[in-house]
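For Cys1-Cys13, Cys63-Cys78, Cys83-Cys95, Cys90-Cys108, Cys102-Cys117, Cys120-Cys132, Cys127-Cys145, Cys225-Cys240, Cys256-Cys274, the entry in TrEMBL reads disulfide bond. Under the heading domain 'EGF-like', TrEMBL lists 347-362. What TrEMBL records for 500-543 is repeat 'LDL-receptor class B'.
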Amino acid sequence: CAASRQAACSAGCIPVPWLCDGEQQCPDGTDEQCECCSVPLVCGAKKVQCPGTHHCIPHWELCDRHQDCEDGWDEEGCPQQPCLPGQWQCRNRVCIMAEWKCNGIDDCGDSSDEDVCAPCPPGMVRCDEGKCILESLMCNDEDDCLDGTDEPSTCGELLATAHVTGARRSRRAVLCHVTPLLFCSARVDIRSGNLYWLAFLHLSCPRTHVPCHDGTECVAQEYVCDGEKDCADGSDEDGCAQLCDTPGRSHSSYPCGLGACLNASLVCDGQQDCVDSSDEGGNCSVACQRSCAHLCYPSPQGPRCWCDPGYRLAEDGLSCMDIDECMEWGEGACSQTCLNAPGSYSCGCLPGYLLEPDGRVCKLTGPEPMLLVALQSEVLSYGLRSGHEEVLLATDKDRVVFSLDYDLVERKVFWMDLATESIRWQDLNSGKKGTLVKGVRSDCIAVDWLGRNLYWTDGAAGQVLATHLGAAWRGIPEYTVVMDGDLDRPHSLVLQPLAGLLYWSEVGSHPRLMEATMDGSRRHVLLAQGLGWPTALALDLPTWRIFWLDEKLGSIGSARLDGTSVKVLQLGWVRSPFAAAVCEGQLYWSEKKAWSVHQVDKASGKNRTVLLKRHGQPHGLQVPMRESPKPCCTNSCAKSNGGCAQLCLPNP
């Protein structure tokens, strides 16, 4: 047997991860006699194994002040005393002479004295333990460096002289003052803890965002004049009262010279309503004799035409044009379907939803929708209305429930078990457990409840694979490669069973979102621009959109399923997203590094709420449907397995 990957069995060789995995593979059961033998070493180079488990952790996670092994073994016996003057503390807390850093020799034993030598990318700074973080994460009241060096005590100081960092990298000490061509941002030197300033000639914002007046941040164009202050200085709401064409404002408004818009009925009424009196005097006495399509009102500039609500004055200044609120306001008009009408519009809901009293938002009818969360070795059910939590299943504590999905037909939860390199399942009705397939590694799995298959991505191999949901593990892998060859690190995967389509993200050198039929044919690029690392995907079928969270860009994006109507929001709290789900008007996602599950308004990215925060990393998320929807179209594998003896892959 291959010593590093296989173990001897009376019937031959079996993979090491199958040892002590709760299922007998050897005829004599020796692979499950775990109490009388030590767990073999299964970790590769630069990794260490937690004692008594198959769990491997990177060597730099030893003594990092964070418990990575279940029993805390990786934090036992670590040096507690700070280093002496002239010494430098390694990531594993070993002290070495400061001059030994970057000498080409691993003096620490964990390579941390050499890892810090490579420069960080532009816009990033290096923590003491070696990793690079975004410069904007310094002094944000959260420890983004493991040792907290990005949050020194000097973060609260307000005044300082500074080194200016501009186009010429000047080192001259100056006091920073904001000018129209220069903005300043307070930062802390991550090495010394001293406060300094960064000065830039201009702030570069994405084309979908606009800069705040103080130059320190960008906000989405949709946030300008929406009634909420999103810039720290409130500049996204400055002057909005003067904009008479603000969405939702009546088009019968009169713009004062200085100040707010005024209802046209208050103009030339003999009373000063505008602060600058621009609503009175002038030609107010001139009678209305224009051929206005709707109404005419007097003004200091002479008679003007006035349109009823829901209409806009045409360029000729006489006729009125209907406003298509559904087109102009997009998701801001209705949460699902929108029907325009002359001078108005109405919202509607899909079957299974009910329109709320506000006439805009659709809510699910029937029982409370639930969010399934893979949290370390457990799967939780979280009520999206009540907040009620319940543990649906629990695995061995040395295992991690990674990606998960739900089969609404048989009420089974499927999940990826990295420790045993297997996809496992549990019936929520009977509690029965089983293994679907072994010998696989995947970042994401997805269930086709209609065609009765399960798909998964293998980023290392560049493949998408599938197996039948009814497969039973018999010692021989029973799955097929659906796609390979030109896939660049496929990562997240979502399915649309009713249409027989699958969508996936690729996070390689050329990140993109892709679509194909479930048999792997008719592949095409959905989106290939403006992406960094789209690590989490979710479908929102009521609005016919796909959502993604981008770890590299710190953003939430969405597009129609034909790749049009792309919308991207940069949000500071998107840092290490793993999985995402959409329900009603909310987007949910799991943050690996922050050990939390978040929700935001899916249309605006606002109203962020932390739903769960536990001791343990959350991974997979899913909002299961409560009943099988009536198919709008036929899945060719739904009936009699498409006539196939084994695996049937739909091709609509």
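Keep in mind that glycine also has a Cβ here, set from the backbone N, Cα and C atoms.
Because TrEMBL annotations are produced automatically, they should be read as predictions rather than curated entries.
Its own atom aside, the Cβ of Cys256 (disulfide bond) has 20 Cβ atoms within 10 angstroms in the protein chains shown. Secondary structure of the repeat 'LDL-receptor class B' (500-543) per DSSP, as helix, strand and coil residue counts: 3 helix, 23 strand, 18 coil. Mean model confidence of the domain 'EGF-like' (347-362) amounts to 90 (pLDDT, 0 to 100 scale).
Here the Cβ of Cys117 (disulfide bond) has 12 other Cβ atoms within 10 Å, regardless of which shown protein chain they belong to. Cα of Cys90 (disulfide bond) to Cα of Cys13 (disulfide bond): a distance of 41 Å.
Comparing C-alpha positions, Cys102 (disulfide bond) sits nearest to Cys108 among the disulfide-bonded residues Cys13, Cys108, Cys145, Cys225.
Cα spacing between Cys145 (disulfide bond) and Cys117 (disulfide bond): 17 Å, rounded to the nearest whole number. Minimal Cβ crowding within 10 Å, among the disulfide-bonded residues Cys102, Cys108, Cys127, Cys274, is found at Cys102. Using a 10 Å Cα-Cα cut-off from Cys95 (disulfide bond), the disulfide-bonded residues that qualify among Cys108, Cys225, Cys274 are Cys108. Just so you know, of the disulfide-bonded residues Cys95, Cys145, Cys225, the Cβ with the fewest other Cβ atoms around it within 10 Å is the one at Cys95. For the disulfide-bonded residues Cys13, Cys90, counting C-beta atoms within 10 A of each C-beta gives the highest total at Cys90. Spacing of Cys108 (disulfide bond) relative to Cys274 (disulfide bond) is 72 Å (Cα to Cα, whole number).
Across the structure, Cys117 (disulfide bond) and Cys274 (disulfide bond) are spaced 63 Å apart at their Cα atoms. Reported as a whole number, the C-alpha separation between Cys127 (disulfide bond) and Cys13 (disulfide bond) equals 45 Å.
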